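Enquirer: Dropping the structure in here first, questions after.
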Ligand SMILES: *[C@@H]1O[C@H](CO)[C@@H](O)[C@H](O)[C@H]1NC(C)=O
Ligand SMILES: *[C@@H]1O[C@H](CO)[C@@H](O)[C@H](O)[C@H]1NC(C)=O
């Protein structure tokens, strides 16, 4: 009887592992060739982009100068500017499971609370002082983890956790980050709640946020048009 129970328990564990496998091993797929420079105009839909013919690419797909320049931090209300360097801007990273961003911050500027659904992020502050906040899931009791990160210091943001940066220094700040995905994706929390297209019905947000409809309408008015 005990033996039968053990076999059954082992079976259950095996099935659970099998069911979870896609979750446990979910990162960008492994490449099946040295490189696959993205054909951004390709019409075939795959998990990524189709490859340009290897003979048609030179050396330049391995390099990018895009992050040498600071973004203009005065051009939007956040006081920050994200220069993206994912597969859309750097076709050479297609299928390689990596990408980067540079983010510049005005004094008091913020990269608003957001989530990368497909990647863990590691980064380094190049100049200035950034308050970095990460909020754990319900598992952690919604714990708020934070630190003022300074030039040369590094950080890691676990995949899927909400986080933000805020320039608490007296000068502009800059950070460079990398992702374990060629296309990490970004879900801005304020925009997702108040600037979705079409909008989330106001009664839903009023109930969920425990405020009057007028407060929700005010917040929605701040995010029409994406900023
Ligand atoms: C970010 O900076 C670039 C380069 O200065 C500028 O062209 C762009 O409009 C800025 N983007 C936003 C959203 O502020
Ligand atoms: C500013 O933040 C909002 C979300 O709060 C986001 O939708 C928008 O893209 C951000 N703008 C820039 C230029 O980073």
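For all residues, glycine too, the Cβ spot is worked out from N, Cα and C.
Got these off TrEMBL a minute ago, pasting:
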- 101, 111, 116, 121: oxalate binding site (BINDING)
- 114, 116, 121, 163: Mn(2+) binding site (BINDING)
- 36-51: disulfide bond (DISULFID)
- 65-217: domain 'Cupin type-1' (DOMAIN)
- 1-26: signal peptide (SIGNAL)
Enquirer: Whole-number Å only: compute the distance from the Cα of residue 111 (oxalate binding site) to the Cα of residue 163 (Mn(2+) binding site).
Expert: 9
Enquirer: Go through 36, 51, the listed disulfide-bonded residues, and name the one with the sparsest Cβ surroundings, counting other Cβ atoms within 10 Å.
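Expert: If we count Cβ atoms within 10 Å for the disulfide-bonded residues 36, 51, the smallest count is at 51.
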Enquirer: Should residue 36 (disulfide bond) be counted as helix, strand, or coil on the basis of DSSP?
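Expert: DSSP assigns residue 36 (disulfide bond) to coil.
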Enquirer: Per-residue pLDDT averaged over the domain 'Cupin type-1' (65-217) comes to what?
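Expert: That region's mean pLDDT is 97.
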Enquirer: How many whole Å apart are the CA atoms of residue 101 (oxalate binding site) and residue 51 (disulfide bond)?
Expert: 23
Enquirer: Helix, strand or coil for residue 111 (oxalate binding site)? Use DSSP.
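Expert: Residue 111 (oxalate binding site) sits in a strand per DSSP.
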